[in-house]
Protein chains: 2
Amino acid sequence: MKGNLLVVHGGGPTAVINSSLYGVIREAERNESIGSVYGALGGTAGVLAEKFIDFSTVPSAEIEMLKQTPSTAIGTSRTPLTPEDYDRMISIFKKHNIKYVLFNGGNGSMDTCGKLYRAAKDEDIRVVGIPKTIDNDIAITDHCPGYGSAARFVAQTVAEIAQDVRSMPIHVSIVETMGRNAGWITAAAALAATEYSCGPDRIYLPEIAFDEDKFLSDVQSIYDRKGYAIIVASEGLKKADHTPIVDPIFKIRRDTYFGDVGAHLAELVLKNLGIKARSEKPGIAGRASILNQSSVDREEAIQAGAAACRAALEGKTGVMIGFKRLSSDPYQMEIMDVPIEEVMLHERMMPKEFINEDGTGVTEKFTEWCRPLVGGDLLKFAWFNK
Amino acid sequence: MKGNLLVVHGGGPTAVINSSLYGVIREAERNESIGSVYGALGGTAGVLAEKFIDFSTVPSAEIEMLKQTPSTAIGTSRTPLTPEDYDRMISIFKKHNIKYVLFNGGNGSMDTCGKLYRAAKDEDIRVVGIPKTIDNDIAITDHCPGYGSAARFVAQTVAEIAQDVRSMPIHVSIVETMGRNAGWITAAAALAATEYSCGPDRIYLPEIAFDEDKFLSDVQSIYDRKGYAIIVASEGLKKADHTPIVDPIFKIRRDTYFGDVGAHLAELVLKNLGIKARSEKPGIAGRASILNQSSVDREEAIQAGAAACRAALEGKTGVMIGFKRLSSDPYQMEIMDVPIEEVMLHERMMPKEFINEDGTGVTEKFTEWCRPLVGGDLLKFAWFNK
């Protein structure tokens, strides 16, 4: 089945979504059934506007740069689609002789991918999903491309901040991490604790109802003992009634905007304990940091792109590429196909076995699971003021 | 004059203060006049408590790790000193046969260094300063070790955030940067704009009174044109009356704590323009990032440490090591001695010629000055959605 191939990006970017694009392009080049490899410029909105780039027109050196380019080099979108939009996309694919459509995105995009697959069922068009999310919340797959790098960023950054804070022990440091509903990224801060660096004293996950009194008494006792405290907190912390611990500050149409969790916790410490506190919020920097890109994550993202390309060529459609873990030490992973309808709009939270009894940290089971994904040891620090 | 050498760290750390320590240790090893090289554990508080580490007891591999260790590996302090403390320090030096004292710190520490030099004038003790500050606000020297790495972090991080934001153009991004009084770090964001990455639309420096109305109308017009906006703002923005643009949230003893400037500006955009906005605040991560360490900064920090050691051996005292720029392109710098009394508690702001007419960005003169300090090109990004 000779035809063109189109890659579409959806949702918020990661540090390796362009590596998957790279994997698709290089795999497609090796295959004669594929005519041109296109990228939709600006996600599904780009498809509907018929804005495509033909990668055969791009110098090879620029294609290589994809592996070190954060965000998405072809742009993405988050516009909701109507049923008519799916039909329009099908006609656009036919017009451009596009027979292979690879959708790279998170839960929202896998939903789009599944709907497109249904709309294309009677057509000569194959639709395959490539998972991508820093949040690691896609079902069935062991983990998602994008997560390992976000995890490495958090682990390395918390190690660095902790080293900074302990060198002049005068304050409580709150580090706010991304991941509004699932705590995977926040949990990765536990990896900061190594023989060569110190980790967080407490980790607060969005899966666990936040207890303000316990937080304050914990911080007080850590501070009394050490003269400082390192706290890592998810941006999405919630009270027992599932409402955010921070107040809404504004509404624009359907979207509500909340204050920053890190700043809120620092203020709690200041006002209730009278202890110096400050918060850091790397935010988007954490999903765009190429220097903290995990080599394992990058390689797996490339493989996922290549595997999606091969799956479509083999006649598969309505599947998403997933990872199955064979072993954590040594790390062994194999690629599998996941029926797209099984992942559509499921959100995968941290399982109980990964969260400690107290709900303020993670288990060894989690760190064993997470460690291979961040791609090698963190930097080693010297520390003499023991 | 045979004697021991002591290194003391003061104030907040940088990404290369340990590199200066490395430079001191390696230079001292080569010189027979120096007995032991000590580090004060925990700054001047460590001196007063006679807590020292003797680096001859440390394996060489750990000394090498200093070059990639953020914060300070021997600890630092910010405790105010009494006149009696200086006298006590002199007796402690004599007790431990310390004849060479190297003080590594910013403006506050250079003040301490100057006072110690005066107290030690009639003694057989030489006091030399090594400059260190991410803020780059020490007088006379062209720049300070620590600044180049903080500048590289800001430039690289803003380039990455900007790439992320433009790939899904739906919001106004505010990046808050460190540097409460001087705009040097904030200004470095201008380097994000290269052939391979996009830079900030506006840069707001603490030297320029913040005009809220102009800010809002500028953001609106940038957003109307591009669909997003990248704003970099100093944590220390002030109104025309020199008060912070954010409200104080709490007081502990003499210290007043203010809200975050980035969050405040994002809220202004949300509430006044009804445009999606969010802020990022890497904060301390920016001075502790080893992956963004500037190779030039690291090398100069090592040289500054070695030069301070040599200066003390040559009989100099009451001087700080400084840099004199001979040329920006090619970059040529030479080390000079600065009388410590000329730098004590002077704070160097951005000069007018480095700030653009509008007060919302920098001049080419600044970027020419700043570029060599960040140590080589930023990462190159691919971008197709033009």
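Including glycine, each Cβ sits where the backbone N, Cα and C put it.
Remember, TrEMBL labels are computer predictions, not curated facts.
According to TrEMBL, the domain 'Phosphofructokinase' annotation covers B:5-311.
Spatially close to B:Gly12 (diphosphate binding site) yet at least six residues away along the chain are B:Thr76, B:Arg78, B:Gly106, B:Thr133, B:Ile134, B:Arg287, judged by Cβ distances under 8 angstroms. Secondary structure at B:Gly12 (diphosphate binding site), taken from DSSP and collapsed to helix, strand or coil, is coil. The diphosphate binding site feature in TrEMBL is assigned to B:Gly12.
Annotation source TrEMBL lists Mg(2+) binding site at B:Asn107. Secondary structure from DSSP puts B:Asn107 (Mg(2+) binding site) in a helix.
Under the heading site 'Important for catalytic activity', TrEMBL lists B:Lys132. Annotation for B:Lys132 (site 'Important for catalytic activity'): same-chain Cβ neighbours under 8 Å, separated by at least 6 residues, are B:His9, B:Gly11, B:Thr14, B:Val16, B:Ile17, B:Ser20, B:Asn104, B:Gly105, B:Gly106, B:Ser109, B:Cys144, B:Pro145, B:Gly146, B:Ala301.
A 10 Å cutoff on Cβ-Cβ distances gives B:Met178 (substrate binding site) a total of 23 other Cβ atoms nearby, all chains included. According to its DSSP assignment, B:Met178 (substrate binding site) is coil. According to TrEMBL, the feature substrate binding site maps to B:Thr133, B:Ile134, B:Asp135, B:Met178, B:Gly179, B:Arg180, B:Glu235.
Sequence annotations record features per position, and here TrEMBL assigns active site, proton acceptor to B:Asp135. Sequence-distant neighbours of B:Asp135 (substrate binding site) (same chain, six or more apart, CB under 8 Å from its CB) are B:Gly106, B:Cys144, B:Tyr147, B:Met178, B:Gly179, B:Arg180, B:Asn181, B:Ala182, B:Trp184, B:Ile185, listed in sequence order.
Excluding the listed site residues B:Thr133, B:Ile134, B:Asp135, B:Met178, B:Gly179, B:Arg180, B:Glu235, the same chain places B:Asp137, B:Ala150, B:Thr177, B:Asn181, B:Ala182, B:Trp184, B:Ile185, B:Gly236 with Cβ atoms within 8 Å of the centre of the substrate site Cβ atoms. Cα separation, B:Asn107 (Mg(2+) binding site) to B:Glu235 (substrate binding site), rounded: 19 Å.
Mean pLDDT for the domain 'Phosphofructokinase' (B:5-311) in the predicted structure: 96.
Chain A has no C-beta under 8 angstroms from the C-beta of any of the recorded positions B:Lys132, B:Ile134, B:Glu235. Sequence-distant contacts of B:Glu235 (substrate binding site), defined as residues of its own chain at least six apart whose C-beta falls under 8 angstroms from its C-beta, comprise B:Glu176, B:Thr177, B:Met178, B:Gly179, B:Arg180, B:Asp260, B:Val261, B:Gly262, B:Lys281. Taking the binding-site residues B:Asn107, B:Thr133 in turn, the residue surrounded by the fewest other Cβ atoms inside 10 Å of its Cβ turns out to be B:Asn107.
Taking all protein chains in view, 16 other C-beta atoms sit within 10 angstroms of the C-beta of B:Arg180 (substrate binding site).
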